[in-house]
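Taken from TrEMBL as is:
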type	residues	note
ACT_SITE	Asp39	active site
ACT_SITE	Asn87	active site, proton acceptor
BINDING	Asp39, Glu226	Mg(2+) binding site
BINDING	40-44, Arg52, His56, 84-86, Trp88, Arg90, Arg207, 213-215	substrate binding site
Amino acid sequence: MLVFNSLFKIKKNTNPDVNIDIDGINLANVPQHIAIIMDGNGRWAKAQGKVRTFGHQAGAETLKTIVKIADKIGVKVISAYAFSTENWKRPVTEVSFIMELLSRYLTSEIEEFNRNNVQVRFMGSREGLPEVVKQKMDHAVEATKNNTGIILNLAINYGGQAEILQAIQRIAADTEKGLLKVEDIQAETFENYLYTAGLPAPDLLIRPGGDNRISNFMLWQIAYAEIWTTDAYWPAFTPEMFLQAIKEYQGRERRFGGLVTK
């Protein structure tokens with residue numbers, strides 16, 4: 001795993017780590033929660049004449065850069081789709097590399113997370129994950145739990161349909177035990193049974209890679225999220241693209257199914 005590269009500097013900020021112009025960004029209207037489908041790692045690597053695993057490593061570097069910039073402009077949560085329940089269908093060698101990459105990432109970045117006040121969380125099923133990955137996940141959560149900056153919520157072995165089904169099963173079990181009454185089950189109740197309990201719903205969903213679909217990601221949570229897509233593959237996703245997504249988000253009128261009174 002490459003070490004965190006301090007390549008960018010954000011203007012209007014004294015932190016010497018980045019050089020990105022945030023003119024045109026309304027810092028009072030930054031999305032609080034951004035969901036990212038990190039798509040295109042393998043295709044990017046192929047375009048470079050490299051193996052797919054090279055793309056996953058480059059994608060990890062992109063995520064670190066974007067999280068740092070997001071934190072500097074006031075984003076509170078980044079939820080990143082790292083490995084889906086469907087990704088197990090990929091070649092065994094690729095899956096093994098991704099698991100090793102996750103393990104190394106969660107080992108090498110703890111000091112950086114704490115230095116930058118990043119709190120790490122996870123969503124997804126632990127079933128089927130290598131024991132070493134689960135141990136690294138637990139350590140990352142424990143080591144960063146008192147950090148008060150941006151939350152990096154990594155979706156590992158995650159599927160939106162599976163999350164909803166699991167929530168329903170848990171609600172049914174608690175109802176059967178008498179802990180819940182059917183008439184008391186509201187949307188807020190349901191949300192407390194999701195992996196994202198306690199987090200705000202995503203305001204913005206970013207998908208690089210050229211596809212216009214949500215791929216079973218945060219199906220309940222993104223009900224009213226604005227969606228921004230780009231043809232650029234995730235490893236080629238730049239800070240400028242990230243800020244452009246936020247600018248376009250800020251230019252949209254969010255109605256949440258209703259009308260906006262001028």
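If you go along the chain as it appears here, the first residue is 1 and each next one adds 1.
Glycine too: its Cβ is placed from the backbone N, Cα and C atoms.
Every protein chain shown contributes to the tally, and the Cβ of Arg207 (substrate binding site) ends up with 24 other Cβ atoms within 10 Å. Counting in whole angstrom, Trp44 (substrate binding site) lies 17 from the residue listed as 'active site, proton acceptor' by their C-alpha atoms. Comparing Ile214 (substrate binding site) with Asn87 (active site, proton acceptor), their Cα atoms are 15 Å apart once rounded. With a 10 A radius on its CB, Gly40 (substrate binding site) counts 24 other CB atoms from all the protein chains. Considering only the recorded positions Thr85, Asn87, Trp88, Glu226, no residue lies within 10 A of Asp39 (active site) on a C-alpha to C-alpha basis. Of all Cβ atoms in the shown protein chains, 20 besides its own fall within 10 Å of the Cβ of Thr85 (substrate binding site).
The C-beta environment of the residue listed as 'active site, proton acceptor', restricted to residues of the same chain at least 6 apart in sequence and closer than 8 Å, consists of Val95, Ile98. Under DSSP, the residue listed as 'active site' is assigned to coil, being neither helix nor strand in the three-state scheme. Following the DSSP three-state reduction, the secondary structure of His56 (substrate binding site) is helix. DSSP classifies Ile214 (substrate binding site) as coil under the three-state reduction.
Here the CA atom of Glu226 (Mg(2+) binding site) lies 29 Å from the CA atom of Trp88 (substrate binding site).
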